[in-house]
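Here TrEMBL flags 26-47, 53-78, 105-127, 152-170, 194-219, 252-274 as transmembrane segment.
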Amino acid sequence: MLSSNGLTIDQWFYYEVHRWRCGASIWWSSVIAIMVSLAYIVITYFLQLSDYFGAYFTLRALCFTILAVSLHAILAVYNSLHYTVVPQISTTRLSNVLEFFRIQYILQGFIYTISSMLITVFASWIMKDSFSTLAVPCSEDSPAIYLNDNKLFLLTAAIYHGLLFHLRFYRNQYNYTPFKIIQQAKFFQVKSQLVPVLFESAAQIFKQLLGFYLIFYFLGHLPRDLTAHLCRLSICPETSLSSVQSLLQPELFLQSFFLGTYMYFIWHLAAVLLRTYLTESYEFRIEPGLDHLSDKCLHNALSCKSNPWIQYLGFLDLFQLSRFSFNRRQVLFSATFPGCHPKNWSQIYHICLENLRQLKDATQEFNHNAFVQAAIPQQNTPNWLHNSSLSASRYLKPTSLGHMSLNESVTGTSLREERPIKVSLQTKV
């Protein structure tokens, strides 16, 4: 762990808090991925009616587990760099579509596609011969080597699942980490989401496979001809998946379904664990105590604009302090010299007021821009619509500040008198 001397609050937070939380979430997601991989190996051997009790002790199963978990950990490390506490809201559908053509999104889609293909290649090692290799003999009596359509189907489905998960990742904003008001232990948070994530992954794969079967039936000749041309293989008419009967093999569907569910589950689980660790509350210091911690206190976290993570954790800590920590409230409201005033509380009080003022100004500006940019019918409108707009407009008048007031009519008369309200704030420990 690096020393805190000479580090800004952003650097201190990255080295002391954020990096360790990401590492812990990736570690536990890898541990769970190992157990899920072992369960998937048992299911695969059970589908082949093989000795699934000795499946763990084969070299292929060991290599599949190590390589798949290593690839999962690398993907989790890459995704941890793009998590945020600020949701991304698109104003139009066109801007929402154009977001997917950014360099960051294209790169992540490419990584998900390659990862799904590699996991499929690793998983084919523990499957039987009809799924394990890309080149197989057309029949037992024929020595000629042909293209294996079953393996090609699994690889194409893996690309399809990887692309759709990438689109779903940003459409559902899996990288957005909202802070929960009710804080639970990490174990119970993850435990309560394991079964829903598993069922959600299975349901998504089932729906996607139904669509993929139709796509492969009509457009499957394109990857088949391209792969046969690149690998210099012939297409066997007996084993080709060009007919409905050959596509509707129960074993092919089950292998595709369980493999896709396995990939989606470990990807979803990595996102759940990362959100759980990153949104865990952090207790900031109220009094610095040491010189090198003088700029890492609670009021510094609340006023940090460069890193939203620090500010969000600071407000979460302030929320919990106000409800559940009597001793810390005593320190916060204690008199500090010079002047015998609660300096810590005064700093936090002014920071909170400033944030509320900025929120109010931003809300008023947004409402004003929405009103100015709204389409108001002027002519060629029905009489009832024009009359309704006139009757509603007499309650709305732009004030001198550029905001709408419901208290003034277009004639300038006031519907009710506004009187200043005096607010008295009394602090009681």
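Note: Cβ is positioned from N, Cα and C throughout, glycine not excepted.
Here the transmembrane segment (105-127) sits apart from the transmembrane segment (194-219); fewer than 3 CB pairs are under 8 Å, leaving out pairs fewer than 6 apart in sequence. Within the chain carrying the transmembrane segment (194-219), a Cβ under 8 angstroms from the stretch's Cβ atoms is held by residues 153, 156-157, 160-161, 164, 168, 241, 244, 247, 253, 256-257, 260-261, 264-265, 268-269, 272, all 6 or more beyond its ends. Residues of the same chain lying 6 or more positions beyond the ends of the transmembrane segment (26-47) and with a Cβ under 8 Å from any Cβ of it are 55-56, 61, 64-65, 68-69, 72-73, 76-77, 80, 123, 126-127, 251, 254-255, 258-259, 262, 265-266, 269-270, 273-274. With a threshold of 8 Å between CB atoms, the same-chain residues lying at least 6 positions outside the transmembrane segment (53-78) that come near it are 22, 25-26, 29-30, 33-34, 37-38, 41-42, 44-45, 108, 111-112, 115, 118-119, 122-123, 125-126, 266-267, 270, 274. With a threshold of 8 Å between CB atoms, the same-chain residues lying at least 6 positions outside the transmembrane segment (152-170) that come near it are 99-100, 105, 108-109, 112-117, 119-121, 124, 131, 134, 204-205, 208-209, 212, 215-216, 220, 223-224, 227, 241, 252, 255-256, 259-260, 263-264, 267, 271.
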